[in-house]
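Heads up: the structure comes next, in structure tokens.
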Amino acid sequence: RYEPTWGSLDARPLPAWFDEAKFGVFIHWGVFSVPSFGSEWFWWYWQKEKREPYVKFMEANYPPGFSYEDFGPLFTAEFFDPNQWADILKASGAKYVVLTSKHHEGFTLWGSEYSWNWNAVDVGPKRDLVAELATSVRNRTGLHFGLYHSLFEWFNPLFLEDATNVFKTRKFPTSKSLPELYEIVTRYQPEIIWSDGDGNAPDTYWNSTGFLAWLYNESPVRDTVVTNDRWGAGSICTHGGFYTCSDRYNPGHLLPHKWENCMTIDKRSWGYRRNAQLDDYLTIEDLVKQLVETVSCGGNLLMNIGPTHDGRIAVIFEERLRQMGAWLKVNGEAIYGTKPWRAQNDTLTPQVWYTFSPEGSKVNAIFLNWPVSGTLELGEPQAKLGETQVKLIGYKELLKWVALGEKGMAIALPQLTPKQLPCQWGWTLQLTDVN
């Protein structure tokens, strides 16, 4: 049994499926998808920080006295088809999905009894969006279903009262935040609880260790559930399950603890933005690079999309997800279930990243630029004459190579037309019998 202490909870081994999965999709959806302007932090930037673009946007487009709460009924989700979402998620090659069940605005995407009249069943879609997506994902895909949940809420009077009392009172977590967490776990049995938003309050205020002890000991998902590290001020990158450390975290070197790089296809926002320009979206080349760098350094990539208020996954997001799936269809064996190799990237040629497949003891060298010369030089592998074999994933013949001194090898790539290439945006060489 796990005790409600970090010492005990941090000793829990991470369920193996999470490390093997490598790639997940994050979905930021909520009332912020209605103004769909600037950022999912719209309410805070407009009301609290009174940032000029947000104030002007409201003055120009909404009547005086219009409140953020008035966006609630406009969150309509009339085009939300959970089966279609599930099919897109499956096509992306992702092995898990994390949906924002509640962001810092406090609006729950399920009919929470602790979020009276500020949830998707009472207001707006009048639908349990969490239940619908969970059902479709489980019926149509093999993906693990996860939920993001914000501990704090920007403008909840109970939270503001506790904050004024320097968190000596605990009205908000006991009546709102914790009951919601127990509710989503019991009701939807998510295999990931992606916590966020500590409001500068310590984990003792949130009773995070108490909740996690219940989650790991008694909850219906106790054996399979994974959690992140955002459980109160000071816990990030220190306590919990896998580490996120910061948004868009990509250290570029091997870490001793399992970690996740959560990042967004839209460089400027997690929620949908109607005012986004094409240049604001990462290209598929950018995304493949992020995936390969992250996995070679022992991390998972959690790639975010923001659906529209009416429930659509914008075609640009769908295209990026399907492109990622097309790339993984060819190169998945160099990603899923791999372990970091002794070198993460090559010393001789830039933009070459390594992973190791324990099955068959294969070293995977993923290269993002096809060399003009037709020869790829690798500084890291130690090849063995007459034993080492080199294969380009998706191409039948074995490739010819020569050793470069003590360490390193030069590999002759096949001369292929663009149509003959096994894939685009990055290729994998599989090396067997190397030191």
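Backbone N, Cα and C atoms are what each Cβ position is placed from, and that goes for glycine too.
Where the annotation comes from TrEMBL, it is an automatic prediction and has not been curated.
Record features, source TrEMBL:
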DOMAIN    1-333  domain 'Glycoside hydrolase family 29 N-terminal'
SITE      Cys262  site 'May be important for catalysis'
DOMAIN    344-432  domain 'Alpha-L-fucosidase C-terminal'
Grab the pLDDT values for the domain 'Alpha-L-fucosidase C-terminal' (344-432) and give me their mean, rounded.
96
Under a criterion of Cβ-Cβ distance under 8 Å and sequence separation of at least 6, what residues of the same chain contact Cys262 (site 'May be important for catalysis')?
Phe26, Thr244, Asp247, Arg248, Tyr249, Leu302, Asn304
What is the number of residues in the domain 'Alpha-L-fucosidase C-terminal' (344-432) that are helix, strand and coil, as DSSP sees it?
0 helix, 36 strand, 53 coil
